[in-house]
Every structure is written in C-alpha cells, then in structure tokens.
C-alpha cells in the first residue's frame, strides 16, 4: 500500500500557476504603493483659530496614473477664536464690501445654513433682499452649518466629530463630554417662573425646566 502518490505533471503545473498568481498579486499591491512618492509636509493652517484645515501632497511617480489620492487633509487650529474675531463666513462676505456689484457698493452679510450648497459663499446685501453667490467656494475651515463642527474643504462639506477628526462621527453627550456616556451629570426636571417687565406691568410665565447638574457643582 502506497503511503503517498507521486504528483502528476498536471498537478505540478496547477501548483506552479497558483504560486505565480499569488506572487503577481503581492507585487501588484506593492507596486501600487510604490508608484507614489512620500507624502510632503503639512501646509500652513487655513485659520489661526476656530478650526481650520491643512493639507499634504504626494507625487505620482508613474508615467501613466496612480490609484488613490494625491492630497490629504487634517484639521488644525482647534482653539476658540476671541469674541472680537467675528464669524469666519461673515469676514469673507465683508471682504467684498469694497468691490462693486453691478456698479454699486453693498455691505454684505453672510447667508448661512444653505441646505443645497453650504460651502458656497452666499451673501445678502444689507437692507435689501438681494442674495448673491460671491464665490463658488468658501475658504477651507468654514463651518458648513452654524451649529455643527462639519467644515468646508475644497468646496465640499466634510464631517468632523467632537474629537476634531475628519470623518469622525463622535458626538458630545448631554453632559458636554466628547464620546461620553452621559454618566458625568444628572438630569433634574422642575418648573421655572420668569418675570417680564413691560412699562408698569409684570407678566409671570411658568414652564418646564431641564437642568443638567454636574457632581462637582451639585
């Protein structure tokens, strides 16, 4: 009784073909990465405060084309701006105040929270109903929406989490803790009474009150 069988020529050919295919696959993945030059240094941040964007470039070394991106982004300057700095989108609108629009100067105010194109620079002429798109793209780092950390980069709205990372969906919990579980504070429900003075009359108004009490303050 034979303990093993001698491989047939056909079996050997199949085995060699398998090894060759595996080798080519491994090389193609290595070659795909090898077609790119190293990533370059990060650019200067688009903002000095309030959250901006910085980019890095790499060069394709192939005479044809390379798979993947030649540019990458990251957030930067993630510190609050001083109150006197003003709104970033408003600054971009006001920069057009000294440029005539159809032969006339206007004082431009920002139009925010555009659901169709939040990353275009739409501004409204003060005291009029005139709304104009003064630029197809806002500057990198401009917030897509006033109540969101998502920012415009190269004319596209990019998701930003509370950890200030691009593409992150991490959010703050009810206690204001980034990626928290809500265990650092407790909810207290009650009633409030406010007094509104108008000439000599005072109006008392009652309503529900939700307070988040933090252990360190309770």
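Yeah, the Cβs are placed from backbone N, Cα and C, and that goes for glycine too.
Unlike curated records, TrEMBL annotations are generated automatically.
Under the heading disulfide bond, TrEMBL lists 45-76, 49-81, 60-66. Look at TrEMBL and you will find 103-185 tagged as domain 'ADAMTS/ADAMTS-like cysteine-rich'. Under the heading signal peptide, TrEMBL lists 1-28.
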For residue 49 (disulfide bond), which of the listed disulfide-bonded residues (60, 66, 76) have their CA atom within 10 A of its CA?
76
Inter-residue C-alpha distance, residue 45 (disulfide bond) and residue 66 (disulfide bond) (nearest angstrom):
27
Residues of the domain 'ADAMTS/ADAMTS-like cysteine-rich' (103-185) by DSSP state, where helix covers H, G and I:
0 helix, 25 strand, 58 coil
Fill in the CA-CA distance, residue 60 (disulfide bond) to residue 76 (disulfide bond), as an integer in Å.
26
Neighbourhood of residue 81 (disulfide bond) by C-beta distance under 8 A, where only residues 6 or more apart in the same chain count:
49, 50
Just going by other Cβ atoms within 10 Å, which of the disulfide-bonded residues 45, 60, 66, 76 has the emptiest spot?
60
